[in-house]
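These features come from TrEMBL:
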DOMAIN    16-379  domain 'Aminoacyl-transfer RNA synthetases class-II family profile'
BINDING   Asp86, Leu87, Thr88, Arg113, Gln129, Asp133, Arg282, Tyr286, Tyr287  L-histidine binding site
Amino acid sequence: CILTTVWETQLMSLCQGTRDYNPKQMAIREKVFNTIISCFKRHGAETIDTPVFELKETLTGKYGEDSKLIYDLKDQGGELLSLRYDLTVPFARYLAMNKITNIKRYHIAKVYRRDNPAMTRGRYREFYQCDFDIAGQYDPMIPDAECLKIVHEILSELDLGEFRIKVNDRRILDGMFAVCGVPADKFRTICSTVDKLDKMSWEDVKNEMVNEKGLSEEAADHIGEYVSLQGGMDLAERLLQDQKLSQSKEACAGLSDMKLLFSYLQIFQVTDKVVFDLSLARGLDYYTGIIYEAVLTQVGVVPAPVSTEAQNGAAEETVSVGSVAGGGRYDGLVGMFDPKSRKVPCVGVSIGIERVFSIMEQKASAEKVRTTEVQVMVASAQKNLLEERLKLTTELWNAGIKAEVMYKKNPKLLSQLQHCEDSGIPLVAILGEQELKDGVVKLRTVATREEV
């Protein structure tokens, strides 16, 4: 009996970090996907698809410390394969293999990460990504600004709540690390630690830098001075005059591009949501320029003791509740897969769709969500009218009308009407002997019960 119970429990459980979706949840997903796809198409993107698994060597060394989260498939005596970790690296491999130097594409598909799942926060081991990327040699910051415009449009249309888009530049980060005294061989690993500032306090981040990664306390303190800075074009201008940072050519190039980016964002009318944030790092190894991340925010009351500013009326502060989009520029990734190392500049954004779904599901939990698109139910008021119902349903289907009929010979009219109310079907086409004699159909509006 005990063995049977254990077996039944195993049969009824899901793999950790995965989930099933019921019809209501799928209806919400479809609505979200349609909003995102229509935005991508509005900006002129075409779509592609790539295999769910890649050669292990294709994915290795592209994700920094997150490479340990790649799912490796068991060696079947042939190629060493891994499940794709994201859609960006397969896209770069696709461009190199097919010698494509110019494309604006979107790709919506599942990816896999051996992460610690947090289901309530929308973090899974199997999940969808919605990517938009522009590949090709263009003038600086124009495609980058459009990617940020797309994030702004999607988050505004989905109406998830207040959001903020943080931007930085990998060149600014590397220049900052250099002038702060970080050894060049520690840039990537220190970058991965800075990337944790949205989840950890500065004290914990500094502790990891110094005690785990061997950085000097002085260098860590210098980094701390910079990563606390936020602003817009004004901050980029100020940092260009910074005595230390201006010594780095790399940082100056990034800051000049940041100024240019904000000038385009002003034209695109999105600067109200975009902030230049030096703490944004994004730990993936392949980024070479601009990086960005969109976070949803909520209003929370400042805990006591309140500051002077709070006492003067500013009693609320913005609290981040999680990233819902991220991306950046990766000009060197395609060249890694090209035999002649030919580079194709790329910039893109990925929408964190699972977190979006979680929020949309919570918002819709009390609402009635239609899970079908049936426009009319073909019903009968009397017995022995199955054939007539099927004939009328066929006529509607052939005319492209979404119709449904009950799979019973003699269903009760009340049961048929109740099904319409439960399913949100707006119309009922009712057949009876008199209607058949007169060559008409009685059409009832379910909500108002009006008949014609």
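Backbone N, Cα and C atoms are what each Cβ position is placed from, and that goes for glycine too.
Fair warning: this is a prediction, and the values are worked out from it, not measured in the lab.
Features per TrEMBL, on structure.
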residue: Asp86; record: L-histidine binding site; contacts (Cβ under 8 Å, 6+ apart): Tyr63, Val111, Gln129, Asp131, Ser350
residue: Thr88; record: L-histidine binding site; contacts (Cβ under 8 Å, 6+ apart): Asp131, Asp133, Tyr286, Tyr330, Leu333, Gly348, Ser350
residue: Arg282; record: L-histidine binding site; contacts (Cβ under 8 Å, 6+ apart): Asn168, Asp195, Ile291, Glu293, Gly326, Gly328
residue: Tyr287; record: L-histidine binding site; contacts (Cβ under 8 Å, 6+ apart): Arg170, Gly328, Arg329, Tyr330
On average, residues of the domain 'Aminoacyl-transfer RNA synthetases class-II family profile' (16-379) score a pLDDT of 88
Students should find that the Cβ of Gln129 (L-histidine binding site) has, within 10 Å, a number of other Cβ atoms equal to 19
